[in-house]
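Undergrad: Straight from Swiss-Prot, here's the annotation block:
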- Thr13, Arg83, Glu84, Tyr135, Asp245: sn-glycerol 3-phosphate binding site (BINDING)
- Thr13, Thr14, Ser15, Thr267, Gly310, Gln314, Gly411: ATP binding site (BINDING)
- Thr13, Arg17, Thr267, Gly310, Gly411, Asn415: ADP binding site (BINDING)
- Arg83, Glu84, Tyr135, Asp245, Gln246: glycerol binding site (BINDING)
- His231: phosphohistidine (MOD_RES)
Amino acid sequence: MEKKYILALDQGTTSSRAMIIDEEGEVIGVAQEEFDQIFPKPGWVEHNANEIWASILAVIAGVLLKTNISSKEIAGIGITNQRETTVIWDKESGNPIYNAIVWQSRQTEDICKQLRKDGYEDTIRSKTGLLIDPYFAGTKARWILDHVDGAQERAEKGELLFGTIDTWLVWKLTGGRAHITDYSNASRTLLYNIYDLEWDDELLKMLNIPRAMLPEVRPSSEVYADTVPYHFFGEEVPVAGIAGDQQAALFGQGCFEKGMAKNTYGTGCFLLMNTGEKAVRSENGLLTTLAWGIDGKVEYALEGSIFVAGSAIQWLRDGLRMVRQSSDSENYASRIESSDGVYVVPAFVGLGAPYWDSDVRGAVFGLTRGTEKEQFIRATLESLAYQTRDVLYAMEQDSGISLKTLRVDGGASANNFLMQFQSDILGVPVERPENKETTVLGAAFLAGLAVGVWKDKNEIKKHWKLDKRFEVEMKDEQREDLYEGWHKAVKAAQAFK
């Protein structure tokens, strides 16, 4: 049988998905399985790593069954994962010693406070491109080693293994033959030097993480090891591509050249700009991260996150009951010519890049007796575009690269009003692809490159198909007036504490 399909595994925060992708980059079939969220205390979020593994086995079986494709026809497996989520397991038995601590979880705040107190901020920033925050994996590993009896000692003896979710899945799929991660995931741990491309002794000492438990860091596109036959219907299939979800989306969007950027409009927004083979150190509170490593060289990215995006539209629907379903927001916003001076600052959990203000709260400005729900809905959608411009402007300042176009994906990218306004407020075209599953495509493309389904990035580029290009329609003067109003609104919200 000809091996012409790639199986892409997308291990997310609330569910696991498997997709089969053909040589044309088309999705042939999908299977999805949700799993439980564990909330031991307020602000803590954990997953059962064995349940995640069970969900992966279920979706692999499900998608092969659904598509009637044999395991013999799979040329390779690509993995993309929720980043930063951390597992520590027993090397012999393969059992996790504690739940996986999820990227959203704030349970390591005390460890972070101590690191700040000890003056490690500049060291961490200069070596990892990251900030001290419970978000990243290193403090999660420290927390597990602190809270499980005997764990530190066992880790030092080499009896325990650490990994982000990609590492855990590769280890399980290969029957323990490969304990690895890729550059993109390693760069989110607080332990990896993104300039020297190695686990950093000073950082390991800082968190007292034994080197013996760390995975080997490998390129994002490479044959790492084969599946054990009993996990893949009797077949040994190469696991050949890995990238964290946002980096995978950048790759799946075909953002291969320096200066190309993508925005994923999910619950929040994740913006990444490819900065090429040079790491750009941010002066604006953005993260410097590894995008991927292929063919012996690595590329870097700048990353900015917006905390509230799609969740602002959910707030209109569930909190304020202004719309029945999220997609109605487009219709309401399009009925009027403008928001009539109304601004919504959706700082429900503070503001992310480039403000990094965790104390500011949501606010609405410019209401008059004539304000109706259309203006309110439109202003809420516009806030997503303003925040995106804030981050992209910071990226341009840091990198010295002018953005030419923005590629978009994620749920809210289907909103035509929002995408048009995004183009207008940025002053550059916005491109939405036909296939919105860019994260999965990224993982598939990385694996396919390693096993020869696609020859090179140029061939992959041909499989990126445009759904709609939104051209700039707004005059410069109007754009700057609106954006100035947004900044006034943010400043006023920040003053109200």
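Placed from the backbone N, Cα and C atoms, the Cβ positions cover glycine too.
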Undergrad: Mind giving me a neighbour count for Gly411 (ATP binding site)? Other Cβ atoms within 10 Å of its Cβ, every protein chain shown.
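TA: Looking across every protein chain shown, the total is 16.
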Undergrad: Enumerate the residues of the same chain, Arg83, Glu84, Tyr135, Asp245, Gln246 excluded, that satisfy the criterion Cβ within 8 A of the mean position of the Cβ atoms of the recorded glycerol site; list them in sequence order.
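TA: For the glycerol site, the extra neighbours are Gln82, Trp103, Arg188, Gly244.
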Undergrad: Between the Cα atoms of Gln314 (ATP binding site) and Glu84 (sn-glycerol 3-phosphate binding site), find the distance and write it as a whole number of Å.
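TA: Pair distance, Cα basis, whole Å: 26 Å.
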Undergrad: If you count Cβ atoms within 10 Å of the Cβ of Gly310 (ATP binding site), leaving out that atom itself, what do you get?
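TA: A count of 19.
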Undergrad: What three-state class does DSSP give Ser15 (ATP binding site)?
TA: strand
Undergrad: Let me know the most crowded of the binding-site residues, choosing from Thr13, Ser15, Thr267, Gln314, Asn415 and counting other Cβ atoms within 10 Å.
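TA: By the 10 Å Cβ neighbour count, Asn415 comes out on top.
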Undergrad: Work through the recorded positions one by one (His231, Gln246, Gly310, Asn415) and name whichever has its CA nearest to the CA of Thr13 (sn-glycerol 3-phosphate binding site).
TA: Gln246
Undergrad: Taking DSSP as the reference, which of helix, strand or coil describes Thr267 (ATP binding site)?
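TA: Note: Thr267 (ATP binding site) is coil by DSSP, not helix or strand.
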Undergrad: Could you check which of the binding-site residues (Arg83, Glu84, Gln246, Gly310) sits closest to Asn415 (ADP binding site), going Cα to Cα?
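TA: That would be Gly310, nearest by Cα distance.
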Undergrad: Among the recorded positions Arg17, Arg83, His231, which residue has its Cβ surrounded by the fewest other Cβ atoms within 10 Å?
TA: His231
Undergrad: Rounded to the nearest Å, what's the C-alpha distance separating Arg17 (ADP binding site) and Arg83 (sn-glycerol 3-phosphate binding site)? Just drop the number here, would you?
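TA: That comes out at 15 Å between the alpha carbons.
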Undergrad: In whole Å, note down how far the CA of Gln246 (glycerol binding site) lies from the CA of Gly411 (ATP binding site).
TA: 15
Undergrad: Excluding near sequence neighbours, so keeping only residues 6 or more apart in the same chain, what lies with its CB under 8 A of Glu84 (sn-glycerol 3-phosphate binding site)?
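TA: Expected: Trp103, Tyr135, Phe136, Ala137, Lys140, Thr164, Arg188, Thr189.
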Undergrad: Once near-sequence residues are set aside, which residues in the chain of Asp245 (sn-glycerol 3-phosphate binding site), 6 or more away, have Cβ atoms under 8 Å from its Cβ?
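TA: Sequence-distant Cβ neighbours: Asp10, Gly12, Thr80, Asn81, Gln82, Arg83, Thr439.
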Undergrad: Between all pairs in Thr13, Thr14, Ser15, Thr267, Gly310, Gln314, Gly411 (listed as ATP binders), what's the biggest Cα distance, rounded to the nearest Å?
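TA: Taking every pair among Thr13, Thr14, Ser15, Thr267, Gly310, Gln314, Gly411, the longest Cα gap is 20 Å.
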